[in-house]
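A short worksheet on the structure shown next.
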Amino acid sequence: MQKFILLALSLALVLAITESFDFHEKELESEESLWGLYERWRSHHTVSRSLHEKQKRFNVFKHNAMHVHNANKMDKPYKLKLNKFADMTNHEFRNTYSGSKVKHHRMFRGGPRGNGTFMYEKVDTVPASVDWRKKGAVTSVKDQGQCGSCWAFSTIVAVEGINQIKTNKLVSLSEQELVDCDTDQNQGCNGGLMDYAFEFIKQRGGITTEANYPYEAYDGTCDVSKENAPAVSIDGHENVPENDENALLKAVANQPVSVAIDAGGSDFQFYSEGVFTGSCGTELDHGVAIVGYGTTIDGTKYWTVKNSWGPEWGEKGYIRMERGISDKEGLCGIAMEASYPIKKSSNNPSGIKSSPKDEL
């Protein structure tokens, strides 16, 4: 991004993309007004459809518009909106964005279990709230596109975070390297597990920057020349004790944490703002990262979760999810499959030096 005029134009584009798409109840009253709403939505999101496809997509959009409208009339602590997924069925959405084969694998033998310890076990007190964004340990929201690479984005958030904590430098790292090169256990756009990705980064001696190995949103051939220029290394990873939100709280108080959740519900698909308390199960199908926690004025506890569906989704790319519920697994299974990277020092590989373009 260049300075002055180009910077201003880029900022205007970002604001346009993240601007909320609103509609009035009257736009739902007739088929004609609904068509007008659909065309306005398509223009807002620059979605092109063939004539045949438009009719099919309009019917889906109409159903979703009614769902969003009816849900927002209810007394819930969160709201929905017609986002970029509004003409996708929930089944299509799940298959494309949350069907990434992140499964609860620790019940099976052979999974990467870290070093078998939990370094934060003896932590007695934690702050009332934590926001790693405000501490400068979180990069801007990214977009995985139509590729089931959420596991890579979840992994990278946690590694970027612990690297900033140890070095005081925030460096955007490469999800595409994981997609292309971490293929022994993980499956690129067809899904993967964060624990395997942490192990890959450790074994390879680090991971390169996003600038050196940019994201493409498809499975490519591993570029060995780029892979052999690691910028940030880790010393391993640990798993948070399963089904224990108190243990998860201790971990998040000290660094961003990778988690898996069930993100396939309609309310999650169209989440806009507020503390999400919606219906969801524990069929873990999406990798995200917790970058903080807090409590609302009315006393509702929440996790601050960074997603990888772009800044237009949710609260500028984030979702606040209810924390401390009665189910031990946590809302949407958030406490079932949490892990974080270990970095013992500020030392990093010398294969490539971070540039001003890399550091944020």
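Cβ atoms are placed via backbone N, Cα and C, with glycine included.
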**Message:** Going by the disulfide annotation in Swiss-Prot, which one of C222, C280, C332 is bonded to C181?
**Reply:** C222
**Member of C147, C150 annotated by Swiss-Prot as disulfide partner of C189** = C147
**Prompt:** If one measures from the C-alpha of C222 (disulfide bond) to the C-alpha of C147 (disulfide bond), what distance in angstrom results, rounded to a whole number?
**Reply:** 17
**For C147 (disulfide bond), nearby residues of its own chain (Cβ under 8 Å, 6 or more apart in sequence)** = V179, G188, C189, A217, Y218, D219
**Prompt:** Got a sec? Which of these disulfide-bonded residues, C181, C189, C222, C280, has the most Cβ atoms within 10 Å?
**Reply:** C181
**Request:** State the three-class DSSP label for C222 (disulfide bond), counting H, G and I as helix, E and B as strand, and everything else as coil.
**Result:** coil
**Item:** Set of same-chain residues at least 6 away whose C-beta sits under 8 angstroms from C332 (disulfide bond)
**Value:** I261, D262, A263, F268, C280, G281, T282, M321
